[in-house]
Every structure is written in C-alpha cells, then in structure tokens.
Amino acid sequence: MAYTQTATTSALLDTVRGNNSLVNDLAKRRLYDTAVEEFNARDRRPKVNFSKVISEEQTLIATRAYPEFQITFYNTQNAVHSLAGGLRSLELEYLMMQIPYGSLTYDIGGNFASHLFKGRAYVHCCMPNLDVRDIMRHEGQKDSIELYLSRLERGGKTVPNFQKEAFDRYAELPEDAVCHNTFQTMRHQPMQQSGRVYAIALHSIYDIPADEFGAALLRKNVHTCYAAFHFSENLLLEDSYVNLDEINACFSRDGDKLTFSFASESTLNYCHSYSNILKYVCKTYFPASNREVYMKEFLVTRVNTWFCKFSRIDTFLLYKGVAHKSVDSEQFYTAMEDAWHYKKTLAMCNSERILLEDSSSVNYWFPKMRDMVIVPLFDISLETSKRTRKEVLVSKDFVFTVLNHIRTYQAKALTYANVLSFVESIRSRVIINGVTARSEWDVDKSLLQSLSMTFYLHTKLAVLKDDLLISKFSLGSKTVCQHVWDEISLAFGNAFPSVKERLLNRKLIRVAGDALEIRVPDLYVTFHDRLVTEYKASVDMPALDIRKKMEETEVMYNALSELSVLRESDKFDVDVFSQMCQSLEVDPMTAAKVIVAVMSNESGLTLTFERPTEANVALALQDQEKASEGALVVTSREVEEPSMKGSMARGELQLAGLAGDHPESSYSRNEEIESLEQFHMATADSLIRKQMSSIVYTGPIKVQQMKNFIDSLVASLSAAVSNLVKILKDTAAIDLETRQKFGVLDVASRKWLIKPTAKSHAWGVVETHARKYHVALLEYDEQGVVTCDNWRRVAVSSESVVYSDMAKLRTLRRLLRNGEPHVSSAKVVLVDGVPGCGKTKEILSRVNFDEDLILVPGKQAAEMIRRRANSSGIIVATKDNVKTVDSFMMNFGKSTRCQFKRLFIDEGLMLHTGCVNFLVTMSLCEIAYVYGDTQQIPYINRVSGFPYPAHFAKLEVDEVETRRTTLRCPADVTHYLNRRYEGFVMSTSSVKKSVSQEMVGGAAVINPISKPLHGKILTFTQSDKEALLSRGYSDVHTVHEVQGETYSDVSLVRLTPTPVSIIAGDSPHVLVALSRHTCSLKYYTVVMDPLVSIIRDLEKLSSYLLDMYKVDAGTQXQLQIDSVFKGSNLFVATPKTGDISDMQFYYDKCLPGNSTMMNNFDAVTMRLTDISLNVKDCILDMSKSVAAPKDQIKPLIPMVRTAAEMPRQTGLLENLVAMIKRNFNAPELSGIIDIENTASLVVDKFFDSYLLKEKRKPNKNVSLFSRESLNRWLEKQEQVTIGQLADFDFVDLPAVDQYRHMIKAQPKQKLDTSIQTEYPALQTIVYHSKKINAIFGPLFSELTRQLLDSVDSSRFLFFTRKTPAQIEDFFGDLDSHVPMDVLELDISKYDKSQNEFHCAVEYEIWRRLGFEDFLGEVWKQGHRKTTLKDYTAGIKTCIWYQRKSGDVTTFIGNTVIIAACLASMLPMEKIIKGAFCGDDSLLYFPKGCEFPDVQHSANLMWNFEAKLFKKQYGYFCGRYVIHHDRGCIVYYDPLKLISKLGAKHIKDWEHLEEFRRSLCDVAVSLNNCAYYTQLDDAVWEVHKTAPPGSFVYKSLVKYLSDKVLFRSLFIDGSSC
C-alpha cells in the first residue's frame, strides 16, 4: 500500500515538472490539432491575389483591414500607387460580398474585366467616358481580356466553366455586360430577372450629382446600393490640403474644386465638386419619388476608404392612426391630413436633412474626432501687422486641463512664458500609475507655441470679464432690491434661502443687472458644431417686479400642497399647469382637487389620457361660458339627435359612438338602422372626420369601460377607412412589386394596381370620378367586383375591420338607454389560472350546453372546444352555444336563444374590459365565469394614440378564484412561474428540464436546409414570422396568436437584432412563449436578450430543487411548508462530497488563466532587473537597498493553484514601490468646495439620516476620558503594547504628526485577472506610536460606542465586531416579495483619496459627539501635514491628509466617511436597509427610486473614483447576502475561500490547523445547502463565467470539516 502511494505521488510530481512523456505527447498533439483547425478555417475564407509590390508595413495594413479574405502577396508587379491599386480589388470583392450571389447588379463606373475573370454573368457595368482617362482605362481592360484569352489559346486550354457564361455573354451581347452611358441615362433592360436588384459604386459616386442619385437608382429598380469612396474628416475644417497617409494620397481644395492625387507620382489628378461630396457625407435621405427615398447608412471605414449603403424606403408604410379629440372636427381632420403630408415631405424631400445632427453619431462615424475640438491659432506679420488665423484639432481634455490650471495663476504669474512652460511640461511629462508613463496627449510639438498664445489670450480676456462682472454688484449700502429681499426674509424666516433659489430657478423672479460690455470669444468649436453650424446668442437679464409673481406663487403653493398626496406629484409640471389655468381662467386650487379625485378614481369621471397632464386638466375644467364653439361639454344636456335616414340620404352617416360633439346622454336606441346595407355609399368623411373619444367619461367604472369600448370601435373603423382613402390618393407612385397590405382596383381597366393578399373583401372604399370617397358594400360576379359607372378606383385591406366594426357598433347602439350602457347585475367571477392549468378542460366539465353559453376570442379556439365537447359522438356543442365574441356581438338577436343561465368566457382577459361587460349584459346570465391569466398577454389597444387608461384595463369582478397547478409546464418552467405569480405554482408534469437556447451567427443561418426546426415554430413579431414563411418553414405563428394553445415541442425564433420591447424580463409575451410546450423548448436568437438570461438561469437549476414543484394530487401538502419555516432559514445539511479537482476547476472557470501564473520569483526579478520609478519628494537611505539575508523556512506547498503570491521581504525597493502605488498615487478629482460649510451640511445630513432623533445631541454629563474608558482600552491590548507604555508619564504628547511606515509581507489577493498583467504592490501600514494611541485610543473607543448606541439599528448596520449570524438577523426582515434595488458603491483608492474635506467631515462628527476641543485640534493637526518614516527600508517622506491605515480611527473613520458620503448623495429617507463597513456599503431601496449622478458627485465633492452598481443580491465584506422569502442567509464568498486555499505562507502543520479553524469560522453558513441556487445566481452576477457551484461548495465543506483531509490540500515544502 505504501509503495502504491509513493509511486502515485512520484508520477504526479513528474507530471507537474513536465517529465511525463505521455502527457507531453498529448499536449503536443492537442496543439497540432488546434493549429490544423485554425489553418483550415483560414482556408475557407475567400482568396485574393495581391500582385502589386508593397512594403511589409503595407502588407500588414491590408491584412488587418480586410480579415474576411485570405490574401496572398506575390510582389510580382511594380506599379504606381501600388497599395491603393491593390486595395481596389479588395474593396470590389468586399462590396460584392454584401450582395446575394446571382442577383442582378449594376457596377457604376466599374471594371467589367474583373467581373468576367470572377465569372459574374449577372453584373452590368456602367462605364461612361467622362474624359480621355476613362477611355484609356476601358481600353486597358479590353487588353487584359485579350491577353488572358491569348494565353489560354497558346496553352491549348479553354475558358474554365465558372467563367464560361460570363465570357459568352460578353462575346454575344457585349451591351449586356458593359455600356458607356452615365448611370442616370443608362437604358439597360435585363432579359429575365426575378428578385431584388442591387448596385455598387466603387470610387465613382463623386461624379453623380447627389440630387439625381435617388431617382437614378429608382429608375433601375435598385433595392440597395453599396458604395465606397475616399474622404477625410479634415476636409470639413478650413484646411486646403489634407493627406491620406495610409495610401500616400492627398486632397487639395480650392473653393468648390476638390482635387485628389497621389503624392510623389506623376499620375493625373482627379477633380470633383466639394459640395457634391459633402452632400453624400452629411445627408441621410436621397429622394427618388414622391413616395420613395434612399436612406444612407455608413458601414465601416478601412484604409482611408468609407463604405456605406443606400437602402430603398417606402414612406407609404408610415402608419397613420386616428385617435385624438379636437374641438373642431373639420379642422382636426384637415390638420391631420396636412401633418401626414408634412411628415412624408420631411422623410423624402428635405434635401438638407443631415445625418450627423446627433453628436453620438458624429463620434461613431468620425472616431478620430471623438473628444476633439477645433481651436483657432493666431499669428501676425511683422511687416504688415496683419493678423492671420487658422484652425487645428486638439483633445478637449487637453484644452481644459491647461485652462483650469493657468486660471489659478495670480495676475503677475499669468504670462505667456509661464503658460508655454506649463503646456510643454504636460505634453512631455511621463507618469503612469505613479511609476512609469508617457504623456496621454499626443499634440504636435510644433503647435505648442501657437496654442499657448491662444490659451493665454483667452484667459486674459476671461479674467477681465470676471473683474467687470464683480464690479457690477454693489458692495456698499443696501439697494432697494436688497431691502425687498430683507422683508421677504423676515416673512419666510430660515426657509428664505431655499425659497429664493426656487423662485430664481423657476424664473418667477429675476435679478437686475447692467449689461456687460466684454465678450470672451469662443475658445473652440466642436466637430459636431462645425457640421451643423449651430450658434447661440446671449440674452441680457432685465429687472422684474416680483410682487405679482409672489402672489401667484402663493396660489400655486396651495395647489401644490393639495397635489402632494399624489404618488408622482414631483413630476407634475407646475409651469405648464399655471400657464393653462391663467389662459383659460381656471382656478388652480379647483384644478388640483379635481386631479386628486381623478387620480384616486373617486370622482366618477375619467380623463381619456393615461394620466391627467397639466394642459388637459385645465382644459377639462374650463368654464362652459368661456368655451369656444364646438367644445366638448362635461355636464350632460339634452340635444336633439339628427335624423339617421336624413344623414344617409345626404351620404353623411353619423357614426361616432359615444363621441362627437354631443354628450353621451343624447344617444338613444334608434330603430331606423335595420341592416348594414344602409351603410352602403356613406361618405368616408362621415366616418373619419368625427372625434374618436370623449375628453371625460362619467358614471361607474363599468359604464366608463363600456363607453371606451364603443369609442375604440369607432376609432378602429375611422383609422381603417382613413388609411384606405390615403392609399387611393397616393396610388400613382406605388411600386407594383412591393408587398402591400392593401389592394387597389382600377375600375376602367379591371386590373389590380396593387394586388391584395386576400380575396372576396366584403367592404371597401370607393373613389368616384368626382374625387369623392365612399364606403361601399362589395358584390362579386364571375368577372370580379361589381362596380358602378361613376367609380374610378376601389381600395380594400387585408386587415380591414370595417365590416365587423360596423356590425358591432350597430348592435351596441341598440343596447344604449338614453345614451347610457346598461350594466348587468350578474355575478362576475374571475378564474385566474397559470398556463396549462386546464382552464378549457374545466369549462367543459362545468358547462351545461342546454342552458349555458361559451364565448372565445378566436375561431380556432371555438372549433377546438366544439371538437373536444363532441368527441364522444354525441353532438352537444353547436354554433348556438359555443361562439366567438365577434360572432355573438355581430349577430346578436338573430339566434333562437337570447338568454343563458351561465356564461363562460375563455381567455377573457385578452378582451377589452368594456367588451366583457357588454357580453355579460347581452347574455342575460345569472353568473359569468371569466377565465384568464393575469400575467399573460392582456388586451392590446391596436389604434395608435387611442386613450385606454390604466384603470380601465382592470376588470371589475365580484370574486376571484385561482388555479395554481399546471398540467402542462415542466418543472423548470414552473420554477419561473413562481417568480411571476402570487402563491405556490406546482406542476404534475414528469419532465424536469425542458428549455435550452442557441445563439446563431445571423438571420441568414436560419433556413430549412441547414437548420431544421423541431416542433411548433413560434416568433415574437410578425416580421420574423413572415421571414420564416418566406424561407420555406410551415405552420409558423406569433406568440400572441397561440396564447392558450399547447404543443409537445416548440422552437422559438428571433431574427430581429434590434431591441424588441416585448422581449423583457417581466413581459407577458415571454411568459406565454415559455409556457406553450410540454416536453421541450429551444430558443434560437441572433442577439443576447433577457430571455436568454432567463433560460440560462433555468438550465442551471439543480434536480433536487425541481422536485419540490412536483405534485401528484394537489398543492395542500406543499402549502404547509410556509407555515413551518416562516421567519427562519430552511436548513438542509450539505453533503460532504467532491475532490480537490472540483475546487481547481471552479477557480479556473471563474478566473481563467490565474492558476497558470508562475509568480514565485516575481519579487526576485524586480530586485535584479533595472527599474525606473517616478517618486515624489522623499529621502532614501541607500544603505538599506540590500536587505540582510535571512534564513527562510520553506512553507507548505498548496495543491490548489491560485494567484496567491509568495511572502515578500521588506526592503528599500519593495517598500518604495508600495509607497509609490499607495501613498504617492492619490487621485485629484474634487472641485472647489467651501470645506467648513459643506462639511457642516454633510454632517447635518449624516445625523438626520442615521441617528435616532432623541440621541442626536451628545450627553455632556459623560466624560470621554476616564479610568473606565482607559481600562476598557487596555483590556484589548497585548502585553507587549502595555510594556511600551511603562516609561510614559502622560504629561506631554509626542509629535502627533510623526508616523511610522511598514508593509504587509503578504500581498492581497484580488478576485480578478489583473495578476496576469501587473505586479501587485504590498499594502502599507502607517501608524502612530503606542504612546499616542494610549491617549486617543480610549477616547475614540468611547466616541464609537456612543455613535453606535445612537444609530437607528433597525435600518442601519455599522459593521463593527458583528458575526455572520448578526448580519443575517439584520437583513432577515427584508420582504423578498417587495421589489427592491440593491445598491453597492465601489470606490477605488479609498484611503488615499481622502483629503482636507474628509478630515473636516470626520472631525465635525466627533465634535458633535462630544470630542474635547483641545484634543480635537491636536488630532486634526496630526492628520494634516504628516511625516512618514520607514526605518527598516530607510525611507522618509511627507504627505498631506490621507487615511492612515494603522491609525486608531482607521476602521470607524472609514465607516462614517462612507456613510456620510452616501447620505449626501442618496435619498436616505427612502432606504429600507443599509450596512456600512470600512469602504464597503450595501443599500436596499424601493424599486424605482431615482438616484442622482453618483459618479459626478463623488468626484467633485468627495474626490472618489466611485461607481454605483445595481445588483440582485448584495455583496458585503466578502460575503453574499441572500435574501429570500423566509429571511436572509449570509454566505462567505466561495471563490475567495478557494483563493485562500492556495496560500503560500503557511509555515507548518500547526499553522495550517489554525488556518483551517479560521476558515471554518467564516464559512460556517456553507453547511446549509438550502439556498445554493440563489448563491449560484449571486456569484454569477459578479463572475459571469462562473458555473453552477453546488459541487464545489460541498467539496469545501468536506475538506474544511475534516482536520486530516484538510492536510491533503498541502504538501511539505522541505521534502521537495
């Protein structure tokens, strides 16, 4: 046995040393296979031969610019501008790669010989001879073809097969291959062509006028054009000469003449129009007709060449919806027509529309211009004294760095020489991380003198302006204005400053002042400003009488007080509301009371917008007498209704539901409408020129919902008719090949100008020869639509709802009583069921078909219910008792049965709530069961802009029943359902894991041949559905269409790369998509989205957790778990399994590459190699540069490989590097701060936020410095410390500004991969002598005790000497069902960033707690300018402020500073829980709280490099805080635990045992595995590569709990 163990160990060591030949051979084989795979992948790329002779640098440029190709460089042909010429072939191939192979392509100005050699018979080259060079170039191409053919003939070869078709075409029909007309006049007509047409323009777009380009493309029916051209951003400056260095070319500009040439070559120049090229660069839209435009989009920039594409856009696809309420209906519809035409004009015909109006777009497409500004340079002639000016591009950061610094110069120091000296120094100085560096600004040194003069002139003018501004303010006796402010101050008391500031900000008052005469010129112009030429003008500040505004403000203040009870009152725009109340003469107080009543739904009326905006509330409350003619009336009044038959006789049918110019009470049941045929030939204006909804709905909520439903039908009908009229008006410019949702029939020719996708439309819109438009009932014969003589055209729509909307409106108007809907008294029960709970099955089991009625939204669902009900062979379900909702409403009253006992509505929540109320009323039932799912897709308002308020969407019911057991969904989907539903969702399915996802390379990958999809195919959008159907997939539906359906297997596909709003974590569409299958679902997507994250989370679930959701006969047994474990953590003992390899695997997955770093000799390498250090002022004792040799005991060697470093040896170099990276590398970010006043305000906020109200004032009767406090401090000290105080007489203090410096021997491990690229500096310790600590230690211990006793411990935790159990108790009352934002503030260089302001804040906190003034001043001076001495390393230096890491206040001081920092930036009054420890913080806020720009505030006020993170789980002091529905559990970071197992400082076995015990103490919570799944989520949130880690957590528990087993993690270093 011993021999076997010895042999195993020896083999293992041989493998580690690389002596195992088998392992070495396997590694070589793996390396060889990888290399072969990589070369094979490269061989599959398109091959391009580069024959021109170019340099190695140019070879690298070409290779990097075009990674899509495998380029072979032959270097066999010398030529002029060889790189540019060779790149031209690459550019051509790149453009052709964008085009589908075989599609007809026009090459504008192209090389037809290149296409012949590639065998592209589908390309037509347009090669006009604009000058003699073009003729010469074309002849050269013909010569290359003849040379190629003669070479084949001489060798007895024939043209290869792939070229044969192209050469035959060129030989037989040369005009099909190439023509010599311009692209605008080209008349090439393809013989037979199907599919889309494309075009490319390689360096030829310059010669086509931009205004003619769109029309030329449309004449050739081009779908997309790809173009490439040379350009430089510098052409947009005032430069007349611009170099293109990479291709050795240049642009020269003279007015509008732009010349392109190659440097140092005698080739001819190319001349173009600068303004024409600028249009191609800056414009977005290129009009082609009054309907279509070509929209430009930049693709990429490669080697001074810009690539872009022009896409054909049909502006008729812009949707025109009708859902607005106007005072004058005729004016509204006229204005709507004008607005739509104006919108179309903007999209097509505005030739000055500029793409780069957005600065973010400028930065993206002009990357060299990002953060660059254009600065003027000035010069003067000595002979003529004439001043000259030019412009250069300079980094904006560089400009403000210089200006901010030289602005601090005193008047005498502000000289040109000093400015130039500073500019030259920051351009040349080298600093990186305090050690080595180079300048971050690459400014041309030849420009430094001119730039310095510009900076100097600007600063001198700015200083003069400031002096004049200050002189304008009176500093003597009080002015009249000041006396007014004093009187206001007396009235408001202490609140005056904030009131004054509020009034100034609101512009209700203004401060008078004289106009200033000095204007400092703009220092720079941004690149974006130069493009769009935007300028702003200054406005003087006039005087203003504030008395009237103060009275108005008082009125608005009272109104604001009334509005303060609203949830979002802070978002109400008071200025807009005030203006509207004033113009309409509405009392603001009355308006405020109405707003509160409407928002709380207690008023009995509803405004038809989503929330009452300021203007609409004032308009709704306008006095009736002041209203204009035709304005809506809130109160009901009797109005005589016009005759319906008379309206139809005139062709003007009134069909405005409950809307229009009449109140709802004026409508009554009208027996005149007997048939829908009476609507035939009603004018379209009568349908689309009526108001679509009332401003105010009155009555109970059900009545309001029913009124809104009628108005929604009117709006839908109006929108459909309006769109058909628009199609008839714009038919002339419609492209016949474009797929449309409409159809237009030309009556004279009996042909469809636009062929509809469907047939036999019942209704349409007719255009007569008199250009009048009517709604018509269509009839058909054997020739098609039956038409009349005066008809010109007929428009139909595949999505038209004219017939159904008219029929439903006819039915609902009959049901109105005196203009009001009748509400049934039947009991309404909502059955809320999870997906797959068997809602349809339950309906069939409960229904009595002889007396009950079933209604469903869709025809397929109705047929499915009839089929299932009649499956036994007995026909019980017929079209009389199982109907669709539309059929029931349209045919109401025609059936033999008109009354039912019970009504069952399946998927009722997909209907408008008013529709449901009407169905209950129309069925005359006693009880109605509405089956639905509150979390799935609700009713969607399809009419754009139609108001459907949020409280209308909630169905009013008498009782709610829940169904929480799914018969369909597998266990993993059931786990997801538990997040979305209240209560416990269980499943009867035996399938545990069913979901998966696959990221595809692009939409083109999805096709039936290479990617057959299994099961039912679903998409989220109609566009994706149409794309899949067009590619050959069958039976494809959207998620919305299959709600309520069940399938065994589902393939869910997303082809749209742009963001889709319905794909979100809480989207009902995602819920429906995940719950349609019983066995499997696979999600194919082209982008990462929230659904991918959800599926990945479900894939990581462990099987034992999924077993908890399985139930056989109900949910009662599962529901008992909550009452048993409420208020305490569920405990499940962790199994002790796993091996060392599990820990190593987990560490390598989380931190890849760290374990491979051989860092044992990093410290030796640093001491033996040359090093350059940038050191601040300090004194070095070079005699300490060589450390004395010490006998080192070899530590134990860990078996787990981590990034842990070997212990470092103290020495001059090591300590100096640590001091440079720590103490000398403090950031300087803060702005100008009034330290004392700001510190006082911050401390006020600190006390108000964290301390109990009754303990905010210190107890002055308690002495801080007493014998008891000294004894408490001594009890915590070691005997060695007490011995150092034996000779201290406590009469006088040692120097409090003298500190000692040392380093920790063991570097701190970082849980990232930075160890692979940098040498980690040691942590420094700066500390006082024990004599000083003996004075201040007891004091601050007592102050700390008082502070912690005063903190509101129910909401805040100051983590000092707390156990993990206490942390769990503190966070244990968090309600996991309440949405929360978990915030963490991450601050880098926390200790070293603290400056005078931090010292003032901390001192003010201790002072208010009772710190004695004299000792407080001593303590403050001891932390101001301090001297550091490192006797071991021989270093002495001076630093200002900074947190001393070995000070008595290090920990508590850091804690109160982080708490004060957060209190000054975040709304602590809203916080749920907060914890602070040193520089760590963890905050829980209610979901949706608005937070300021924390990074900005932390930089300017606190000098912190801070980032605020929102998390799902908290991370605090190396522990994950997992809150759940029963409390909270705190897990020690498992990755940090594994990192410690790789420690290389363990001396011996006794030390190892102490190490194990300490790890056991901190990791005790890992013994509970009940919440390992949540721990996985928390770890993955920090480390995105972390796999599910339950296996490694169990392994850690196994080794930590066994003393003997733990020793196997290390081997004795002395035996190696």
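Any Cβ shown, glycine's included, is placed from N, Cα and C.
Annotation source Swiss-Prot lists ATP binding site at Gly833, Val834, Pro835, Gly836, Cys837, Gly838, Lys839, Thr840. Here Swiss-Prot flags 72-281 as domain 'Alphavirus-like MT', drawing on sequence analysis. If you look up Swiss-Prot, you'll see 801-963 marked as domain '(+)RNA virus helicase ATP-binding'. The domain '(+)RNA virus helicase C-terminal' annotation in Swiss-Prot covers 964-1116. The feature domain 'RdRp catalytic' is assigned by Swiss-Prot to 1380-1493, with sequence analysis given as support. Per Swiss-Prot, region 'Methyltransferase' is recorded for 50-458, and the stated evidence type is sequence analysis. Sequence annotations record features per position, and here Swiss-Prot assigns region 'Helicase' to 830-1085 based on sequence analysis.
Features recorded in Swiss-Prot, as mapped to the structure shown.
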| residue | record | contacts (Cβ under 8 Å, 6+ apart) |
| --- | --- | --- |
| Gly833 | ATP binding site | Lys839, Tyr931, Gly932, Asp933, Thr962, Arg963, Arg964 |
| Val834 | ATP binding site | Asp933, Gln935, Arg963, Arg964, Thr965, Thr966, Cys969, Leu977, Tyr981, Val985, Ser1075 |
| Pro835 | ATP binding site | Asp933, Gln936, Thr966, Arg968, Cys969, Leu977, Leu1071, Val1072, Ser1075, Arg1076 |
| Gly836 | ATP binding site | Thr966, Leu967, Arg968, Cys969, Thr1046, Ser1075, Thr1078 |
| Cys837 | ATP binding site | Arg963, Arg964, Thr965, Thr966, Leu967 |
| Gly838 | ATP binding site | Arg963, Leu967 |
| Thr840 | ATP binding site | Met864, Ile865, Arg868, Asp906, Tyr931, Gly1044 |
Secondary structure composition of the domain 'RdRp catalytic' (1380-1493) [DSSP: H/G/I, E/B, coil]: 41 helix, 33 strand, 40 coil
Whole-number mean of pLDDT values that fall within the region 'Methyltransferase' (50-458): 77
Coarse DSSP state, helix versus strand versus coil, of Gly833 (ATP binding site): strand
For Lys839 (ATP binding site), the number of other Cβ atoms found within 10 Å of its own Cβ: 22
Listed in sequence order, residues not in Gly833, Val834, Pro835, Gly836, Cys837, Gly838, Lys839, Thr840 with Cβ within 8 Å of the centre of the ATP site Cβ atoms: Asp933, Arg963, Thr966, Leu967, Arg968
